[in-house]
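What TrEMBL says about this one:
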{"type": "DOMAIN", "residues": "6-98", "note": "domain 'Ig-like'"}
{"type": "DOMAIN", "residues": "104-193", "note": "domain 'Ig-like'"}
{"type": "DOMAIN", "residues": "198-285", "note": "domain 'Ig-like'"}
{"type": "DOMAIN", "residues": "290-377", "note": "domain 'Ig-like'"}
{"type": "DOMAIN", "residues": "391-479", "note": "domain 'Ig-like'"}
{"type": "DOMAIN", "residues": "500-602", "note": "domain 'Fibronectin type-III'"}
{"type": "DOMAIN", "residues": "728-817", "note": "domain 'Fibronectin type-III'"}
{"type": "TRANSMEM", "residues": "839-863", "note": "transmembrane segment"}
Amino acid sequence: AEDGYPKILENPTDLLVPVKEPATLNCHATGYPTPTVTWYKDGQPMGPSSTGHYLLLETGDLFFLRVHNEQVDSDAGVYWCVATNQKGKVRSTNATLEIAVLEDEFYSMPDDTQVAEGETALLSCVPPHGKPHPVVTWRRDGEDIDPATDYRYRIVDGANLVITAVRRSDAGTYICRARNIYGERVSQPAKLTILVSPQLVKNPESVLGEVGDTVDLMCHAEGDPQPEVFWRRVTPHNQLPVERMTLEEKNQVLRIHHVTSADAGVYTCHAENPVGAVVANITLNVIAAPTIDTTPKESRVDIAGTISFQCSVSGSPMPSVYWTHEGSGVLLTTGQTTSDGRIYVDAYNTLTINEVNHQDQGYYVCSAVGVAGSSLSRVHLEVQSVQKLPPPIISLAAPNQTLPLGTEAEMPCEVRGIPEPHVQWLRSGKVIKPDERTSISAANTLKLTGLKVSDTDVYTCAARSESGETIWTTALVVAKPTNPNIAFYKMPDIGSLPDPPEHVEVIKVNASVVMLGWKHSQHGMSFLLGYTVQYWSPDLQGQWRVAQTEQTPTSTFSSVPLALAVTGLQPGTHYIFAVRARNSFGVSRPSQFTHSVKTLSNSNDIMLPLHEVQYQLSKQTVRIFNVEPNSKSLKIKWSLLVDASLLEGVFVYYQPITNENGKNSGALQVEKVSFYRNIGPPPTSHSLYGLLPSSWYEIFLVPYYNKVEGLASTVIRSKTLAQSTFDQLFSLQYDQENSTTIKVSWDKIPGNVLSYNLMVTETGLRKNNIQNITSKSNWAFVTNLKPGATYIVQLHGNLPSGRAQLSTPLLVTTSYRASHPSEPIDSNMSENTTTRNTYLIICILVAAVCIFSIVGVSIFCIYRKHNKTKCQHYHRKDGSKDLYAEYAECWDPPSRNCVIPSTIYTDIGAHKAPVSNMKIQQRPLARIPGKIDCPKKIHEGVYEDLDTYFCKSGLNTGPYATTPLLRENCYSPEYKHVGGAIPQNKYNIVCPNKNYEDSKKFVRHPASNSLTKCHFQAESNCPILNLPLPPLKQLDGDYSAYKTLTSNYNHRQRDAPYSIKPTRVISSFETCHSQGSPITHNYPREGKPF
């Protein structure tokens, strides 16, 4: 100071010093003379340290070498300094020296804690005492926790850590750290465990297994601690299959061995730990291949009757059931009815047919189809009518018997037939009536007691019904038992006869042979000697016949075959067969009748045996392995599991369903894919068009051969793609340029379409012939097509995002129009040019046709006019005799051969059967001077028409001449020779005076006793003979007309007064002319016998 007074320039400040650490309290003073600084602690002056742990510095500062904090001698306190000189003294401000301290022990340390996920965790911490009060922080796994950056962390009450909504990531090791200027204290670590409630890692809602397999129901649950898993069954019986199940992987897998359909149901998985629990339901779906539990039974039904076939099925999931009538196209599913209402399938899959007719006969197939496979049952329905029913067959009858006097005779007569036949016993043609020695049992067994010699006779069992009659005749001889020359024979015991063969079926059929097979039957009281086959034909009618049989090559190892070939049958004829077994005692009853089987029409037919086809198609023959979806179509691809020769094609069945595992939502539809032989391998794909976008469909295949349908494939379910906007906007059009080229066009498509691609596929080929044509305009030419072929054309667009279908398929069938000259097609040619050329070609063709028609008509008219003018012939049937030509020149000149031009003539026999179709010209006669005039009408009772031809001979009006026979000099090389004897003229009516006038007289005809004109017998070298009628046309096996006419003709032949040398016959289609007078041919009136 200027006056020299002391002045404190730097006052001491409060200090917080860790114990045993150095510390300095500053006190800078000025004055004159230089002041002396004295320090005070808690009001007491401080002198030099006895221990030397602090020093008073010359500058006035108080320096502690190490701060002490003992209770007796603690450096902590309030300090100030006083600066003194001669002028005075001055005191500084107080400064507090505090000694920082931090105790070692926490009052409370955090403990291990478990907290459920999502809840709040609290980690407590009471830090050790310290001065100043320590600051508490937390660390997790060695990393500091900053509550400022994570809102879920908070420190409350100065040291406790609170974590809200804990997560699995919060789990770890936590420490509480207390720190002040003295130092830091760290708590023992505490483990925070986040308890996690059970959660299912894999939670399948359903499990699919096949019958017999091992299935695993998995319930993988996670949690902390690891949850325990318990299983129970909810439906249907609340009982687990304990005997066939095991628990694996800490009970998280329920394994069921040899699963059955009964195991299907809902199972519950219950996982729990201290934090919580979780429950999940798992549905076990057991796939069981469809089976038909109640198979339909083969039946026979009368016309207009009613028949039902039951077909109950099972499977998991429940299969779809449908009925088909092989070869008829009838297809019905559950609840459907045919359009006429006669045939329907009820809710229990029972097929019922009302008002049965002949078209209902055949095989019916009940098919069960599901995702696990398919099954079928085939049943035959035979429709019976009285005309189509076989006559009664006598199942068991008595052989001839020789019995002694006084004994009794039994003659059984078991019959079988539909309708039930009526049986009568006859003796010598008279019906036997029961008396005291004669009785007839209900089984039609005739019994005679007290036999007498007079009982010796022939006895007949007659079985009659509306379907026919069958008789069996047996002889009974009664003799004295003492007669040594008589061998007695009695009806054998029925039990000694063999049983009828079982399961007789048709193995193979051709034009004249049917092969039958059957199973063994009991041979009775002796070894079998063989088999007898009987047959009856509904086409040929008649009685049961014993068939001609041959042992098949496959059965030559045994003397008693189980298969025989029935030979000598007629082609294209229906037959029914029955088989009997033979032993030394007799024959068995007949087997059950076979179905009506038809022999092939001709020997060239090649057809697999029915039983072999049915057997082969009863197994899986086709499998769908891929379905390619589009927005409106599905392409099905399949593979064949058998030789393609066993199949003629497949039926592709499809129907919409609600979802992938849903029920049917529409009708079952079918498309046919045929396998064409000798064209290459069979097709292995087919596309279904016209489907709905974004829709599920159920698809399966059914193979077929002829009319036999096979086992369906496994059901495949597929979904069409979502509809493209292009599908709704654009369609294709085409114009045919020629027979091998078409022009396809379409509208311009808005949007960024890079190019268009036409895919042209020829249908009906096993291997698709595909053309791909790229175009940047809205049209393209398709060349090298086949005339008359059908193609599928589809338009695709190449978009920046990929390829898209832009149209629905277009069917194109090329015509057979003549192709244009083979010039390269100008791609820039306009459509108008093509149209003009097409119209020009059409006009040229129409004009050419018109010109040719006009020329043809003109030539025909000129020709007709020329002939009409020159040779006007008149042919009248009004009874007039004026039948002649105006010009003799109209007839052929004498130097030419006789000609019989053609006109249709049909003769009718006595039974209205057509006799022949002869072509005979009815020509008038020309009035020629010096020639004999032959009248047209001779007598209405005998003659109808008169036909004349020219020959050198005179006029002959013999009434029975039907065909001209000419002399050797009338023949020409082209004449046909008809072998055999030439019939003779039975009656040669000659006029008495042998002149022309006598020819006008009537005489009595010897055959018909009717009047006829005689004829003038002029000298002739050209004989006129009566010939037999032309051959009859056989109609449906009725030979009555033929026999009647033939017998009449043979009668005439026997009465012929003379014979004539055989000569050749000129057929109705041949020609012969000779010179001279006309020869007259007369034909009998319709229905008149000769």
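Every residue gets a Cβ built from N, Cα and C, even glycine.
In TrEMBL, annotation is done automatically, which means it is predicted and not curated.
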Considering only the recorded stretches 6-98, 104-193, 198-285, 290-377, 500-602, state which has the highest number of Cβ pairs under 8 Å to the domain 'Ig-like' (391-479).
500-602
Mean pLDDT, the domain 'Ig-like' (290-377)?
88
Helix, strand, coil residue numbers for the domain 'Ig-like' (290-377) per DSSP?
3 helix, 48 strand, 37 coil
Structural state census, the domain 'Ig-like' (104-193) (DSSP three-state):
3 helix, 42 strand, 45 coil
The domain 'Fibronectin type-III' (500-602), counted residue by residue under DSSP: helix, strand, coil:
3 helix, 53 strand, 47 coil
